[in-house]
Amino acid sequence: MLQRTLAKSISVTGVGLHSGERVALTLHPAPENSGISFRRTDLDGEMGEQIKLTPYLINDTRLSSTIVTDKGVRVGTIEHIMSALSAYGIDNALIELNAPEIPIMDGSSLPFIYLLQDAGVVDQKAQKRFLKILKPVEIKEAGKWVRFTPYDGFKVTLTIEFDHPAFNRSSPTFEIDFAGKSYIDEIARARTFGFMHEVEMMRAHNLGLGGNLNNAIVIDDTDVLNPEGLRYPDEFVRHKILDAIGDLYIVGHPIVGAFEGYKSGHAINNALLRAVLADETAYDRVEFADSDDLPDAFHELNIRNCG
């Protein structure tokens, strides 16, 4: 299977979830083996240089997965666009933006899916590399845990826990094996969510200024405030899976393995990536030149060429 990039550059504007400011974002094709990179067009000199994404650049995970370079350049809320790039198997792209955070759009990854569909996807000459999990790796902290286990495909199982009536109406656990299920159908539409009391607290600290009922599920003491309700009965846990897929794709390769988590979040997801990369016996970088050897979970990438 070959690496892929965008067929053409494409732009979109939106609002930053935390700044509330307008953000102009452009995705560009990139050369093979270059990976996913970001560039802040509003910064000059060294501050405006291209940033090659790695798990070691995620240095702020308080509210999202945020790049913070050693020069202090920030690119926040990257998990939704990374999740969409993962769904289309984009190995190489340059993402330019004129603000410190990716626009929140509607709170899901679906607008970025549409953006990729409009841009089109093209195969490149180099072979795609996958990160194959060879042995179990687990991180536990403060009542939360995440783990990778070997698996011939890509499967995600997550459980959330919130003592709240809105969450008690659906299962707290969702499992998706991408050998038989579609990311676009099952995951992409799930929106980020937050509690009204948290929104008020964040705004008191000049955060969450761009959040509203058009780009997030907002919950009061008893119920969902969005008049249209939920897009899936279990939209909350599905969004956590959307986030996790984006967080994991920061490693730069599709993962051949199973990911499980209980009360997972950006910090512990990133810690798991770092733990895997720190143990050379835990993973291998593999290629599938023969499509017959490709795990079923990735066959959809072979036919999803929207160019």
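Just so it is clear, glycine is given a Cβ too, placed from its N, Cα and C backbone atoms.
Look at Swiss-Prot and you will find H266 tagged as active site, proton donor, backed by sequence analysis. Sequence-distant neighbours of H266 (active site, proton donor) (same chain, six or more apart, CB under 8 Å from its CB) are I58, T61, S64, S65, E79, D243, D247, listed in sequence order.
Marked as Zn(2+) binding site by Swiss-Prot: H80, H239, D243. Counting only same-chain residues six or more apart in sequence, the Cβ atoms lying under 8 angstroms from the Cβ of H80 (Zn(2+) binding site) belong to I102, I104, M105, S108, S109, F112, T192, L242, D243, G246.
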Query raised in the report: Counting every protein chain present, what is the number of Cβ atoms, excluding its own, within 10 Å of the Cβ of D243 (Zn(2+) binding site)?
Result: 24
Query raised in the report: Going along the chain, which residues six or more apart from H239 (Zn(2+) binding site) have their CB under 8 A from its CB?
Result: S108, A190, R191, T192, F193
Report task. Report the residues of the chain - excluding H80, H239, D243 - with C-beta within 8 Å of the mean position of the site's C-beta atoms, for the recorded Zn(2+) site, in sequence order. Result -> E79, S83, G107, S108, S109, A190, R191, T192, K240, I241, L242, G246
